[in-house]
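What follows is a short report on a single structure.
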Amino acid sequence: MQVSTAALAVLLCTVALCNRISATFAADTPTSCCFSYISRQIPQNFIADYFETNSQCSKPGVIFLTKRGRQVCADPSKEWVQKYVSDLELSA
């Protein structure tokens, strides 16, 4: 009986530790990544907000949120993207 109680205790501790570790990794996983960029400039008045992709993504990107709720990936090295980001930061 003591062996099964000890085994159960070890099993419960292992499960608790695994759940804690997986929760930590889940918090760091990127939610959105860009795999391609929009090919042309979109009108600035369509943009409501933006966020940058996580560093774990394969490509860097800026994701613009449009006023209609769409997400659009843009190349952060493009001049117009940098201007939109700067303007959004100033208006925040």
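Even glycines carry a Cβ here, placed using N, Cα and C.
Annotated in Swiss-Prot:
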SIGNAL    1-26  signal peptide
DISULFID  Cys33-Cys57  disulfide bond
DISULFID  Cys34-Cys73  disulfide bond
SITE      Arg40  site 'Involved in GAG binding'
SITE      Arg68  site 'Involved in GAG binding'
SITE      Arg70  site 'Involved in GAG binding'
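Sequence features, as recorded in Swiss-Prot, placed on the structure.
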{"residue": "Cys33", "record": "disulfide bond", "Cβ contacts under 8 Å, 6 or more apart": "Thr53, Asn54, Cys57, Ser58, Lys59, Gly61"}
{"residue": "Cys34", "record": "disulfide bond", "Cβ contacts under 8 Å, 6 or more apart": "Thr53, Cys57, Lys59, Pro60, Gly61, Ile63, Cys73, Ala74"}
{"residue": "Arg40", "record": "site 'Involved in GAG binding'", "Cβ contacts under 8 Å, 6 or more apart": "none"}
{"residue": "Arg68", "record": "site 'Involved in GAG binding'", "Cβ contacts under 8 Å, 6 or more apart": "Phe46"}
{"residue": "Arg70", "record": "site 'Involved in GAG binding'", "Cβ contacts under 8 Å, 6 or more apart": "none"}
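Of all the disulfide-bonded residues listed (Cys57, Cys73), Cys73 sits in the most crowded Cβ setting, with the most other Cβ atoms within 10 Å.
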